[in-house]
Every structure is written in structure tokens, then in C-alpha cells.
Amino acid sequence: MLRWGARAWGWGWGWGRGLGCGPAGLGLGARPRNVRGAAGGGGGEGGRARAPRASAGAPGGSPGRDGAGGRAPPELRSPQAAPSMAEGLRAAAAKRLSGGGEGPGRPEENGRQSKRLKAGGGEEEEEQGKKSPKRKIALLMAYSGKGYHGMQRNMGSSQFKTIEDDLVSALVQSGCIPENHGENMKKMSFQRCARTDKGVSAAGQIVSLKVRLIDDILEKINNHLPSHIRILGLKRVTGGFNSKNKCDARTYSYMLPTFTFAHKDEDVQEEAYRLNKETLERVNKLLACYKGTHNFHNFTSQKGPKDPSAKRYIMEMYCGEPFVRENIEFAVIKVKGQSFMMHQIRKMIGLVIAIVKGYAAESIIERSWGEEKVDVPKAPGLGLVLERVHFEKYNRRFGNDGLHEPLEWTEEEEKIAVFKEQYIYPTIINTEREEKSMMNWLNTLSIHDFNSSAAEMQANNKNSKNSSDLEGSDGCGDDSD
């Protein structure tokens, strides 16, 4: 009888274990742990139910110990106890997995709970990010450069105020970028299309950067900008877009009083002078000589005659019809090229002025493209304006892909014209009337010797250095970024 009872107990233990302890028996996919007080189960935490130990009173094997460490009660020693034991194990496991039970949760339960809380916080951050995602955009800017030391920000130096200082401050205050992105502009992938220099204005500057696309973004940025700096347009661009590298060409304008072209022997009254048709035609004929690819090493101080990068491609250059402002007649020269070197445009215009006024022969233009060093005068920087930047290749590839817009600003043309009339042209005209920068520069042309040697040129440069420094540098230093 004892032998049969021991065998029955062993059968009941194995059957109950198969039903109650294994993942297949419960269909729960995981082995329950720490089931306390179950018959035949071990008392240690985190341990698995153990097989019964042998005992002297039961040759065929002894029943396991209960949760208190004593022998199993008599009612569990019969075969009928097996089903109830299995049900007890199953109920305890279900209670364990459902999070029931008295007292604080187990470490692993707390771990799962903390993970769920952490995941919930991440979802909140993700939802907040979706409300204002960061996207690469292109901003159309216009600004008057008077009073600024150029476009590019000088990190770590607050002595010289730049256009980008005011722009970055407005981006932070409007909530478009975090404050640390303003301190490190690489974090927002910031790039300007053209680096305008001291005193140079822009009507069509383009900057690319990553911002949060907040509601009413243009209005909010402009609310934190001075009136002489405006964001006129915004367009989404590709993630890899770089406003400088993707730019195919740049168009600059140069506004100057027409008495600039009067012959040196002519007695000129500034307000009374009017440009005649023949002189305008000659000016345009000389400007057209620059079209094409030429070696412009004499039109910058940065390149030697054998430097391949001194070769630049000019697409067009001409002088428009004159117009009168504040009783003075002005004209605008426009030049479009792939890129420009430091001082290049101002020297191109300065040399044409020297020829028209009778200080130099027309042949000097051809001579300036050779290896010989030629003294080329540099016109004042006041009238130089970045008019427009061009992205023909980008527009052909991405402008009609259904996801991005072409970088053309036809709808903003009226805003650009209004800004120029309100801020750029008045600044140039009033400064010219008050400071007479062009008239003062014209008086320096007589000290240039356009047939001089390199040694003579160095002596002349020392004499004219002070007047040149006061003018500021050209805004075409695209290569010096």
C-alpha cells in the first residue's frame, strides 16, 4: 500500500508539474517563478519547483515540503490530490503574471513598470516633436548692410556686428531653433549663399538651415528683426541642400551716380550732370568685354596669375538706363557670374570707369588677363547689392519632383522691389550725398599709373592705402568661406 501510494504521488507530482509549472501546461509562454506555498514546490525565491527529496519513511520517494518547510499534509498524499494541486499551481501562476498579490512588486515587475513609464515619456516627447519638426529650409533675405561688418557671423567676437548676429538672435527668440544651435551654427546646418562684406546690402540673399516649422514662422522671425532686415520667403528643400554649394550663379548690382562717367577734363556739377546715349553705349561695350571665362588674378589680392581658381566665368554685365533720385542721376550696373573673388566686381567696375574718364586705354582690359601685374583701381563698396542667386541645376532635378518647390521667387518680386525702395536705395543715395564716397574716390584715380611696373605699383598702393581701407571690402568673397 505504501509502495502504491508513493508511486501514485510520483505520478501526481509529474503530471501536476507538467500541467502547472511548464509553459506548455499553462499555455502562458513563460515559466512562473517564486510560487510560494505550493505543494511540492521549493521555498527559495526565484527558484524553479524542485523534485521531492528521498525520505526514510517512504522507500518509493517522499512528498516534497510545503512552504513552511514541513511534510505534505495527508490529504495531498492520495492520487486524488494531483488535479487540485495542478489547479493551485495554475492559479498561483496566473495571479503572479497578472500582477496580483500582496506587498510591493518584485524587482523585475518594477523594472517592467519603469520601462513602461519611460516608453510613455518618450511617446510624449515624440508627439511634441511632431508638432514642431525640424526640416531643412531656404530663407529669402533682404537687408541694408550699412552699419554692419558684413553678413557672416564672427563667433567669439562681439566687437563687429554682422547680419547673421541679428538673424540668429531672431531665430532663437521666435522658437525656430534651440539656444545652443545659435551658439554652434553647425548644429542647424547653417549656410549662406554669398558672404557679403562690410556695408554691402542684399535684396535676394539665400540661407539654408534646419528649423522647427512653427506656425506663422515668417511673421514670428520678422517680429524679432530690425526693420532693415527682412525674411521675405521660405521654401522646403532637400535634406542635403547647401545654399552655397548648390548655387549655380549670383547676380550683383552696383548703383552709382552717372557723373562718375564724365571725362576727367569735363567740369562736372553733380546735380546737373546727365549721362548721354553715346557714353552709355561705350560703357556697355566695355562691360561686355568681361563676358566669358578670363583670368581675373589682377582683380583680387588673393590669387596669382597661375592659380587655376583665378579663372572665372561671367555670363552678363551691362549698365541700365539712368534715373533721377534726390536731384542726382543714378544708373545701375548688373553682373551675373558663377562666382566672384574678393573685390573682383568693384575692380571690374573701377577699371571701366578709369577708361571712360580717360585715365587708361581700352587695351588695359586684355592686358589685365595676362600674367603681367596691372594696377586696377577698386570702386567704393557703397553701391554694391546682392540681387539674386540662381539654382538652375537644383530646380531641374528637384523643383518638379512633387515634394519640393523650385527655388524661384516670382511671388516675392514685389516684396523685394518695395524693400529696395524703402531701405537699400535711400541708404545708398543719402550716404552718397552726405559722404560723397564716389566723388572722393574719383579724385584718387589720378595717382594710379596704369602702365607702371610691379615695384611702382607697390609704392602707389602705400600712398592710396588709407583711402582704400575706408571704403570697406567687396561683398563677393565667396571663395574665402
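Note: Cβ is positioned from N, Cα and C throughout, glycine not excepted.
Noted in TrEMBL for the protein shown:
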- Asp197: active site, nucleophile (ACT_SITE)
- Tyr252: substrate binding site (BINDING)
- 58-70: compositional bias 'Gly residues' (COMPBIAS)
- 458-470: compositional bias 'Polar residues' (COMPBIAS)
- 290-392: domain 'Pseudouridine synthase I TruA alpha/beta' (DOMAIN)
- 35-135: region 'Disordered' (REGION)
- 458-481: region 'Disordered' (REGION)
- 1-20: signal peptide (SIGNAL)
Requested in this report: Take the C-alpha atoms of Asp197 (active site, nucleophile) and Tyr252 (substrate binding site) and report the distance between them in angstrom, rounded.
Outcome: 13
Report summary line: Counted with DSSP (H/G/I as helix, E/B as strand, rest coil), the domain 'Pseudouridine synthase I TruA alpha/beta' (290-392) has 25 helix, 33 strand, 45 coil
Report summary line: The number of other Cβ atoms within 10 Å of the Cβ of the residue listed as 'substrate binding site', counted over all protein chains shown, is 27
Query raised in the report: Which value does the mean pLDDT take for the domain 'Pseudouridine synthase I TruA alpha/beta' (290-392) in this predicted structure?
Result: 95
